[in-house]
Amino acid sequence: MIEQDRIIDANAKSREEQIDRAVRPKSLKEYIGQPVVREQMEIFIGAAQARGDSLDHTLVFGPPGLGKTTLANIIAAEMGADLKSTSGPVLEKAGDLAALMTNLEPGDVLFIDEIHRLSPVVEEILYPAMEDFQLDIMIGEGPAARSIKLELPPFTLVGATTRAGLLTSPLRDRFGIVQRLEFYNIEDLTHIVERSASLMGVAMDTPGAREVAKRSRGTPRIANRLLRRVRDYAEVKSDGTVTAQIADLALNMLNVDEHGFDHMDRRLLLTLIEKFGGGPVGVDSLAAAISEERDTIEDVLEPYLIQQGFIMRTPRGRMATQLAYQHFGLNVPAALKQDSLPGI
C-alpha cells in the first residue's frame with residue numbers, strides 16, 4: 001500500500017515499536033496530554049488500589065498513534081501488575097484465547113489490540129471471562145462433546161481499537177471504563193518532542209521542538225518519527241542541534257508541509273477539488289480516483305483532515321471546505337462563501 005511509505009502514517013512501522021518503547025512514558029505522572037483521560041484514570045486506579053480490587057475492564061479508542069498501547073502499559077505499571085499483550089487478528093480460535101487466559105495471574109492486565117477484529121467465536125468465550133471470571137471450554141466433538149467451566153483469577157482486560165463503531169454491543173457493554181483519545185494540541189506535542197529528544201540525547205531548542213510538533217498531525221507517534229528524521233538531518237547538514245530553521249529545512253525536504261500534510265493528503269484534497277468540483281462525492285468514488293482503499297481514506301487520511309476543517313463529511317458525501325481551497329491558493333466557490341455567512 002502507498003500509505004505504508006508515508007513518514008506521517010500514524011500506524012506503527014516494523015521495528016518502530018521497539019524504538020518507541022524507549023521514549024514511552026511509564027507512569028501517569030510522565031504522561032503528557034489527554035488531561036481528562038489522565039485525571040479519570042488516576043481516580044479509577046487509585047480507587048481500585050484502595051479497595052484491593054482489579055481495575056474495571058477498560059476500552060481505549062481513537063485514531064492510530066495516540067498512545068493506546070502506552071496507556072495499557074501505564075495501567076499495568078500503576079496497578080503493579082504484569083501486562084500480557086495480544087491482538088484481535090492473532091486470536092483465531094477459542095483455544096488461542098483459552099491458552100492465554102489460563103496463564104493469567106491475579107491482577108494481571110490483558111491487553112488486546114485491534115479488539116474490533118476478534119472473531120465471533122472468540123468473542124463469545126470472552127463474555128463470561130470478563131463478567132464472571134470464568135472460561136467455558138468445549139471438550140471433545142460431536143455427541144461426546146461437553147462443556148467445562150474454568151475459574152479465572154481477577155484480571156483487567158484493556159481493549160484498544162481505532163474503530164469503536166465496529167464493536168458489538170455485548171462486548172462494548174462489558175467495559176466498565178471507556179476512554180477516547182483525542183488528537184494532541186501543539187503545546188502538549190512540543191513537550192512530548194522535547195522529552196523524547198532528551199531521552200534520545202538530541203540537542204534541541206523549544207522552537208525546534210515546536211516546529212516538529214506543528215507538523216505531526218496531533219499524533220505522538222508521528223512526532224517521534226519526524227524527530228528521528230530531523231535529528232539525522234541536523235547531524236549531517238549542521239552541528240547536530242535541532243533549531244526551528246533546521247527542523248523546517250528537514251521537514252520541507254521530507255515534503256511535510258506546515259499543516260503536517262504530505263503528498264497523499266494533498267492528492268486527496270486536490271482530487272476532491274479538481275475532479276469532483278469540491279464535492280459532495282462518495283467515499284468509494286474518491287477511493288477509486290486516488291487508487292486507494294476505502295478503509296485507508298476513512299481510517300488514515302480523513303480523520304485529521306476533518307478535525308482540521310479541510311474536509312466535511314455530509315450525508316451526500318465528502319466536501320472540500322474553504323480552508324482546502326485557500327491552502328492551495330485557489331478561489332473559493334461562491335456557494336461555500338455563501339454557506340459560511342452568519343445566519344445562512
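Yeah, the Cβs are placed from backbone N, Cα and C, and that goes for glycine too.
Note on the region 'Large ATPase domain (RuvB-L)' (4-184): mean pLDDT across this stretch is 88. Feature annotation from Swiss-Prot assigns region 'Large ATPase domain (RuvB-L)' to 4-184.
In the three-state DSSP scheme, ARG221 (ATP binding site) falls into the helix class. Per Swiss-Prot, ATP binding site is recorded for ARG24, GLY65, LYS68, THR69, THR70, GLU131, ASP132, PHE133, ARG174, TYR184, ARG221.
Long-range neighbours of THR69 (Mg(2+) binding site) (same chain, six or more residues apart, CB within less than 8 Å of its CB): SER85, PHE111, ASP113, ALA160. Secondary structure at THR69 (Mg(2+) binding site), as computed by DSSP, is helix. The annotation Mg(2+) binding site is assigned in Swiss-Prot to THR69 on the grounds of sequence analysis.
For 185-255, the entry in Swiss-Prot reads region 'Small ATPAse domain (RuvB-S)'.
According to Swiss-Prot, the feature region 'Head domain (RuvB-H)' maps to 258-344, an assignment based on sequence analysis.
Taken from Swiss-Prot, the feature DNA binding site covers ARG294, ARG313, ARG318. A strand conformation is recorded for ARG313 (DNA binding site) in the three-state DSSP classification. Cβ environment of ARG313 (DNA binding site): GLU302, ILE306 lie under 8 Å away, each six or more residues apart in the same chain.
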Number of helical, extended and coil residues in the region 'Head domain (RuvB-H)' (258-344), per DSSP: 45 helix, 9 strand, 33 coil
Same-chain residues at least 6 apart in sequence whose Cβ lies under 8 Å from ARG318 (DNA binding site): LEU272, GLY279, PRO280, VAL281, GLY282, VAL283, LEU286, GLU302, ILE311, MET312
Listed in sequence order, residues not in ARG294, ARG313, ARG318 with Cβ within 8 Å of the centre of the DNA site Cβ atoms: GLY282, VAL283, LEU286, ILE297, GLU298, GLU302, ILE311, GLY317
Sparsest-packed of the listed binding-site residues (ARG24, LYS68, ARG174, ARG294) - C-beta count within 10 angstroms: ARG294
Integer Å distance between the CA atoms belonging to ARG294 (DNA binding site) and LYS68 (ATP binding site): 24
Those residues of the chain, 6+ apart, with a Cβ under 8 Å from that of THR70 (ATP binding site): ARG24, PRO25, TYR31
